[in-house]
Structures are given as C-alpha cells and as structure tokens.
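Annotated features, as they stand in TrEMBL:
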COMPBIAS  B:349-362  compositional bias 'Acidic residues'
COMPBIAS  B:426-440  compositional bias 'Basic residues'
DOMAIN    B:32-163  domain 'Exoribonuclease phosphorolytic'
DOMAIN    B:189-254  domain 'Exoribonuclease phosphorolytic'
REGION    B:340-362  region 'Disordered'
REGION    B:404-440  region 'Disordered'
Amino acid sequence: MAVEMRLPVARKPLSESVGRDTKKHLVVPGDTITTDTGFMRGHGTYMGEEKLIASVAGSVERVNKLICVKALKTRYNGEVGDIVVGRITEVQQKRWKVETNSRLDSVLLLSSMNLPGGELRRRSAEDELAMRGFLQEGDLISAEVQAVFSDGAVSLHTRSLKYGKLGQGVLVQVSPSLVKRQKTHFHDLPCGASVILGNNGFIWIYPTPEHKEEDAGGFTANLEPVSLADREVISRLRNCIVSLVTQRMMLYDTSILYCYEASLPHQIKDLLKPEIMEEVVMETRQRLLEQEG
Amino acid sequence: MKETPLSNCERRFLLRAIEEKKRLDGRQTYDYRNIKISFGTDYGCCIVELGKTRVLGQVSCELVSPKLNRATEGILFFNLELSQMAAPAFEPGRQSDLLVKLNRLLERCLRNSKCIDTESLCVVAGEKVWQIRVDLHLLNHDGNIIDAASIAAIVALCHFRRPDVSVQGDEVTLYTPEERDPVPLSIHHMPICVSFAFFQQGTYLLVDPNEREERVMDGLLVIAMNKHREICTIQSSGGIMLLKDQVLRCSKIAGVKVLEITELIQKALENDQKVRKEGGKFGFAESIASQRITAFKMEKAPIDTSDVEEKAEEIIAEAEPPSEVVSNPVLWTPGTAQIGEGIENSWGDLEDSEKEEEDEDGTDEAIILDSLKMDTGVEVSNIGSQDAPIVLSDSEEEEMIILEPDKNPKKIRTQTISAKQEKAPSKKPVKKRKKKRAAN
C-alpha cells in the first residue's frame, strides 16, 4: 500500500485573478465603512464617533441609503422560503428540534409535517405518540423555512412531497455564505446523481431515484444497496464540492457540474490533493467565465 | 455553542468497529494513549497530556486558621474547571452536570483516600494550618477527562514545595524560599483513576475512551487505585448492569495500568529534579520540541558554499579519466549544439571531451548547491576552468552553450536547468549521472 507524505508548506494565498470586475469592499470588525452620516445602518454595522463601523468581517453591501455588512463566515441566518437540510436532535411534545448550523436549533412542528398518504387532518394524540415513528434523533430531513421567530430561531415545514426524510447519500457541510441563492435547490445532475443545496450550508448528494414515488411523502427510506457506479459518481461529486469550497467558489448546479467534468481525468482520490484541487477549480472558473462572457 | 450531534452513520461505524475489537486510533482494548508530563518553572505547576486531552494543574498554599472541628489538620481544596477552549460545548453557564460529577469524583479520589498527610500541614494547632489548593484546568477535551485530571493533580502535589516553617515555643517563623529551601508535601500514596467505557449493555469494554468513544458508550466505570493495589474510589455511571467478574477483571486491569502510570510519574519527577539540580533549563518552554519535522516553522538552513571551489577542484584533481563512454557536443550550426545522445558515441578528440566532462562535473556540484540555496538567476561559471567566466544576459533561456570548436567550451548555465531542449531531450541528466559515477 503506497502512502503519500507531505511536509508542511506555507499556504499560498488565493489568487487575486478571480476575474471580478467590481472589487468587493471587504472589512473586518472595527473598520470604518464611511464617515458620511447620511446612510442608514443595517446588519453588521454600528455607529461610533460619527462614523459607521463594521462589526463583522465581510463585504459591504449598499442599497440606496442602507449600508450593511454581509459576513463571510457565519452561522446560517434563516430567511422565509429557504430550503434547508437538517438533522433531528430532539423529539419533543408536539415538535422536533432540528439542527441546521444556525445559532439556535430550528423547530419542525408536528402540524407542519406531512402525514403519510398526504392526508389533511387535525393532528391527534395518537399522532403525537407516533412522532418517533416518523422522525427519530439523528435523521436527516429536507425542509423549507416557514417563519423566523424574533430571536432568530427558524420554524420549518415539510408541506410538500419533495421534502421529508432523506435516505441514502452523502452530506457535505460548508459555510452558508457559499451556497448561491437560486430558484430551485433540488438538482438532478446529468452525471447520474442528485443534489440538494441547502441554504444553511448542508449539501446532500444522493443517487437519483429511478421513478418518482408520489405516495411516499418522503417517509420510507430506500435501503437497497447503491451500485458501485452511483457511489463513484457521488464520491467524485463530494470531492469536487470540497475543492470548490477550499477555493471559496460559490456553489450552484452549474459550478458543481463543470467542476465534475473538469475532474474526470483524475482519479477520485487524487482530487483531495491540493495541486489537483487548484487545477480543477481553475478550469471550472475558466469555463464559468466563458459561459458568462 | 451546542455540540454538533453525531450522525447515525458515525455511531454505527464506531459500534461496529468496537464489536470487531478495532479502535479508531489503532489502539488495543486495554491500551492507554501516550501520557506526557511537563513541568513549569514554579513548583507545583504541571501539564499532563493524555493523547490530546490536556490538563493544567497548579498547587498553591496559604496559612489560614483551621476548621473548628479539625483543629490539627490542614485544609485541602480541589477545583477542576472546564475551560471554554477545551470544547465548543463548554460555556460558562452550561457545564454544570459534567463539572459537578468530575469534581465530586476527584475529591473522593484525593481527599477520602488520605493520600496527603493533613496532620503534617498543621503549624500551630487551632490557630494556623496550611491550606493547600489544587486548581486543575482542562485545556483540551479529547475524552477521559477524569484520568488526566487525577494524574495532573497527583503530579502537581508531588512536585509542589511549600515554604518551610519553624516553631520555637510561641514563636513561628515562616522562611522565604531564599532563606530556606521549600519543603515537599508529605504524600503517602498516589491514587490514579482508570476509566472503563462499556458498550452494548456491558458486552464490550474499552480502557481510556477518547471523545468519540465516550459519545457512543453506554456506561462508564472509574476505579481509582494506587500502586499498592488499594482501591481508593470506584464509581459506575450510566446505569449499566455490571457482573461481579467484570468488575473484578476491571480492577485487575486497573492495577496493571496504575503501576505503569506511577512509574512514568516517578520518572518524570526525577527528571525534573535532576534538571533543576544541575541548573539546566526547565519549564514549559523547554518541553516544546522545536526541532521536529512537524514543528510550525522550519528555519532555512544556511549552507556554507565558501569551499565549493576547493571541493570541486579536488574532485577534478582526483577524478580518474572517464571511461570510454564519451560524447562530445555536436555542433549543428554556430551557436547551437547537441550534447550527448545516451548511446556510446565518441566523436572527435578524446582529450577535449575528457576535459569538458570534468568541467561539467565541477559545474554539477555547484549547480546542485546553488539550487539548495534557492537563489534564482545565479549564473555559475565553470568552476575549475581557468578562464574568466563569460556572463551572458539574464535571459531565461535554458542552458546556452557557446562552443568554440578548438578551445574548451564554456558552459554557462542559468538557474533554470531544464533538460536541454529540442536537441538532446532528456539525455543531459543521464549523462550527468554517468559522469558522476566515473568521477567517484
């Protein structure tokens, strides 16, 4: 068995040649954003000594008169309508507590959950007792944000057949700021796997089901063994996503797909080496630029 | 911050591995992780590392009035703190359960076992006694806090020296460390806790669980023992049902482990004592290895190249004439040449080629040393060759060889030694090696 060893080397800074026309205005906590007092202060800023000062490390965004700082590395802050992938941590009386990489655990109320068979009825006491039959501690679910409480906690719902308990697949945890906001976050990639890009930074890669089950409602987990070809595709996708993340690229279906195609000449395990990562991501970046331009 | 929950996959994986007698870090079921003990500059200060779990122990003393119902005994005070840097889940308000449990266990282990002679801490009965305070801080949590903490506590207590006191009638004199050497505490024995983690309702057991194993365990059995095989404390938590022979077996294992650990502690204390007596450097700064390959920074090693010239000349002087495998540079057109083809080939004059091979050797040495220096753009002229070097422009052209057919070719190379290009692809390195062998 061959073992590869590397000595510690100084990390190279990410290349500046990202091809961005507008340079982002990056600040760190304590930096002055502007001394002009005509602006309203948004999230991530505070007023101190006649100046607007940043309180988080991130990029400055300006909308007319509102200045806010969007943090680069942060916990997930819920917005209504986001798709999230979360893990059940507790089963409580009429709800489940879901861990979504945010400051507070999210809640999934029993009344926001689809009953099997898609029935619409009032939840009874039997349903409460059978909660553990639906979702247990440690299960992964995909859901949508229904509401955000005043303290920042997020309330989820799975009121559609495409949400629900997730079966076999691979979870990749990335920073929430790297997932691009798009129309849909459920993608069936042509390479043979499907991916759910949760806005909270949890990305779920799973084998594409052959036929869409309409009546399951996302409760029955398919436990049949996954074929080797599918597993290879999923592993490659996972390594591609990890390389994109290390180079701080935004994640969306096109970038992941391009990265996958760029990585095909390499072996799956080679994708974890820093040089190959750089090479693949550079190629992806090129293709994306060409596509835009 | 809340602890990230363990995924079902990971839980199942750990349990299956344990069923097959495999541990994630490759240890056997009864193996302890590496224990490293380092001392600080003050007496009574030590850091114990059990694998990646780190505990800092500090002992201090003070003269106070004794408790009313124990007028002739000193006071012992133990305190374990879970620092926020130990794990993200430790927050100022959130650790109560675990903290209380660990503190109680530590107290029972050290206080109730009477390992420290409290009578010897009395100075004036009823008025002044020593209060010994042991503070333990958990610096990193990677499982099995209680073992590391108990080792740190007992090591710190053994290492500690209290100021000397003399009582003459009614007069009590407290000597400073400068006047009289401080005195060690009187310690009868060294109780050490050994933890056993149980899985699958007591079917499998592991010694010294690390953090992952602790998360999936069913129950924990802690046995505190000293090297004389006396049990000081025993505690079972987690609500698992243990059979009598399981507990007996664990106590036997604990006996063996405690012996090993006690030896280690004695050795560490002796070492530190020796270093202090000999006047060597001691303290935490000395215990950090800075010469290891995994240290943060490797300083550039300066290489002395002042004697390169002499060395090269020596080699050339001692070199035997190369074997008949010679190759001359082939002049294609004025200004471009081909050197070597890899095949045995003698073109032109033997003498000329010999001289030029030796020159090459010299330059070889110099080139290699140069690349070590990591100095780009340095031009190396023929060392050993007698003419003044012709320095060509700093162009990045690889290896320019200017040949004068009747004189020795002067080879000037820039730092980018890529194998000579279109003319002799990849022949150069082969040739170099061959010549080296010939020269040796």
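Glycine too: its Cβ is placed from the backbone N, Cα and C atoms.
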Summary of DSSP states over the domain 'Exoribonuclease phosphorolytic' (B:189-254), given as helix, strand and coil counts: 17 helix, 26 strand, 23 coil
Number of helical, extended and coil residues in the domain 'Exoribonuclease phosphorolytic' (B:32-163), per DSSP: 33 helix, 52 strand, 47 coil
PLDDT averaged over the residues of the domain 'Exoribonuclease phosphorolytic' (B:189-254): 92
